[in-house]
């Protein structure tokens with residue numbers, strides 16, 4: 001069974017907390033013992049030095065008695081054992097008054113050499129129940145050949161640490177309380193982080209099944225909330241894409257079904273007449289041909305759009321005078337315009353150079369002018385202008401037809417979108433022309449937009465960056 005993120009989080013944080021607490025206990029114990037032991041050593045050694053000074057200053061038997069009395073008094077006050085040993089009694093061993101194990105009394109050769117040389121030695125030895133801190137100070141004045149005696153001060157190390165025992169209990173209690181608090185906070189934090197992730201997982205499963213109505217409900221504004229918002233935005237985009245896909249499939253099937261229905265119907269009529277030996281109606285044959293051409297155009301546009309929407313579709317770009325291309329296209333389109341009694345007016349800046357694919361841009365211009373003639377012929381004229389603005393070539397194609405509602409302008413480049421489906425069917429077209437135009441313009445780093453006022457006509461605007469010889 002795969003461990004959940006919540007379990008992993010709990011495991012690692014609890015492990016980290018316990019490790020930190022145990023390390024803290026050992027570190028605290030080590031530091032306390034080290035500092036306390038150093039302090040205790042310095043304190044006992046200071047008392048020993050003070051006692052040695054009294055010995056050095058003693059000149060009479062009374063003063064020497066005072067020295068021994070002071071040693072006894074200091075031993076009681078310091079909770080330590082103080083032993084004065086004459087050198088005649090010293091046998092390189094620790095005095096028996098220190099309760100050590102039998103094999104711990106003897107001094108090492110190095111310790112003995114230090115002591116006889118007049119140096120103070122400090123060490124710990126193992127006792128029967130407790131370890132002992134031992135300081136041995138030689139009573140040796142300047143000019144003496146060797147120590148006159150030894151002051152031995154010892155104290156049980158465990159006794160030195162007795163104040164820490166009560167602190168240890170407080171420390172463990174504090175750690176227990178801290179652990180409970182950490183576990184509580186950890187529980188809240190994991191719920192805060194994991195629960196939204198679980199909701200995202202549940203929502204993702206619903207999205208995978210095609211249900212985009214599920215949303216991730218997270219109220220926070222932090223990274224978790226931002227992630228949830230991103231998920232919800234992605235859901236909205238997927239939902240919109242799914243709707244557009246369904247709409248596209250519906251439109252494609254509808255656009256193909258209509259000519260197929262005509263083809264089937266007229267072919268059945270012709271077949272029936274042929275069986276009866278009747279003369280074939282030329283109008284039926286022309287209708288079949290027209291619907292076949294319409295299907296061919298639709299399939300061609302679908303394939304063309306699919307290629308343009310791909311990231312790897314090549315554009316054969318080169319520097320070119322855009323005005324000349326516009327003029328050439330308008331000359332060819334004049335034949336169509338004259339049939340509908342429409343005049344094409346040109347106002348072109350012939351100095352504009354762009355870098356583009358001539359055949360594709362010709363497709364753009366032809367489509368826009370054809371649409372203007374088709375939908376604006378009642379206005380009897382269309383205006384085609386080309387100018388430069390802000391480093392861009394701006395092409396405008398304006399008709400004076402019925403115009404369009406403002407809310408429809410942003411949808412004109414959608415596949416199969418028609419402002420007036422009935423009128424569009426009468427005027428022909430596949431419903432993909434402006435979609436293809438928009439893709440071609442984007443391939444030229446340009447922008448396609450529209451302006452319209454109902455009853456006054458519409459304007460298609462293409463903006464493409466001008467050719468910069470220095471940059472290229």
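Keep in mind that glycine also has a Cβ here, set from the backbone N, Cα and C atoms.
Heads up, TrEMBL stuff is auto-annotated, nobody curated it.
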Examine the ranges 128-148, 149-169, 170-190, 191-211 and name the one recorded by TrEMBL as transmembrane segment.
-> 170-190
What is the number of residues in the domain 'HAMP' (191-243) that are helix, strand and coil, as DSSP sees it?
-> 39 helix, 0 strand, 14 coil
Integer mean pLDDT for the domain 'HAMP' (191-243) = 77
